[in-house]
């Protein structure tokens, strides 16, 4: 078993390429666990960031600075009564939240967190991702229909109309990326890992390719992905001021928590897709401009140094904390947290760990920026009316995405012609 584990660590590929169902299963379980913990952390950060935007403190009661509030919320949801309304289609009512959660998690099968940190390198990864992510709206419509409530049904129908409006523009933006992958090889790729490798080979993230064409395509996808996940300011399917709670009005307890978990997991998933397609995926900043062993080492030890800085901050806070009985528990918790961060930083300095974790760190840092943008949007922009949302999708994003696709094709042909002429001249 140990030799099998060591052989897998030496293998520079995905578990699917290694041909081991065991390691593929382990990866799936790890992704499920990490994504669930990330959702808990995301809910805490969202409440804190929104509180600071509104000059409040946010959760402060449960744990130091409210750090244990997500755990308290999860336990509360698990022990709440689970009510099924009279007249509801019980089978569909039960299946809808499970389907929402499963479609969100299934997307992670093709998302590469690093060259060897993906469940599988599927050669139709982009097509698989688009198809699976589109299934979530069917579960939302299922929830609205099966609840036997006019508010829930309206929310489900809104979600379906919203998905149709924004999925087209999102798909065209993705097609422009697929066209960019074929510039040097002559044949594009639908592999998510292949798209990141194409950005590395061309020496540029696709957000900067054919500037500003790549940037416009990225902005279209960024807007569409907010609408795709039903987040503010495009949260019309669950508009509290109009539809009580939209498609999950009649849900409570554990089943409501599955909708909640699916929404946040989908947010992380679409952010990961945007990072993979336009921001170089797991590639560190400036991989071509700042190349060489020295720069590779400097960027690979950065995660460990960051954990050491965070640990130092915890110890400084521990020293400065008032020596009163009321602060004793917080002081102990802060000190233990600082020790854990320091231990993680020390482990990240081990060469074998440092090389593998560096990819995950840079990927996660980019995704974290998108998570902050989600919170920023919610605290800043008012909710659109439904007719305004439809108008943006059909009259703005769709024509612009078509224009971006045409311009990308023209510039790509021009690039290939110039490259061909230069090759003939040589």
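The backbone N, Cα and C atoms fix where each Cβ goes, and this holds for glycine too.
Swiss-Prot has this to say about the protein:
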TRANSMEM  22-42  transmembrane segment
TRANSMEM  91-111  transmembrane segment
TRANSMEM  124-144  transmembrane segment
TRANSMEM  163-183  transmembrane segment
TRANSMEM  206-226  transmembrane segment
TRANSMEM  258-278  transmembrane segment
TRANSMEM  299-319  transmembrane segment
TRANSMEM  331-351  transmembrane segment
TRANSMEM  357-377  transmembrane segment
TRANSMEM  392-412  transmembrane segment
Proximity of the transmembrane segment (392-412) to the transmembrane segment (206-226), 3+ C-beta pairs under 8 angstroms: yes
Candidate ranges 91-111, 163-183, 258-278, 299-319, 357-377 - greatest C-beta contact count to the transmembrane segment (22-42) (under 8 angstroms): 258-278
Leading contact stretch, 91-111, 258-278, 299-319 vs the transmembrane segment (357-377) - CB distance under 8 Å: 258-278
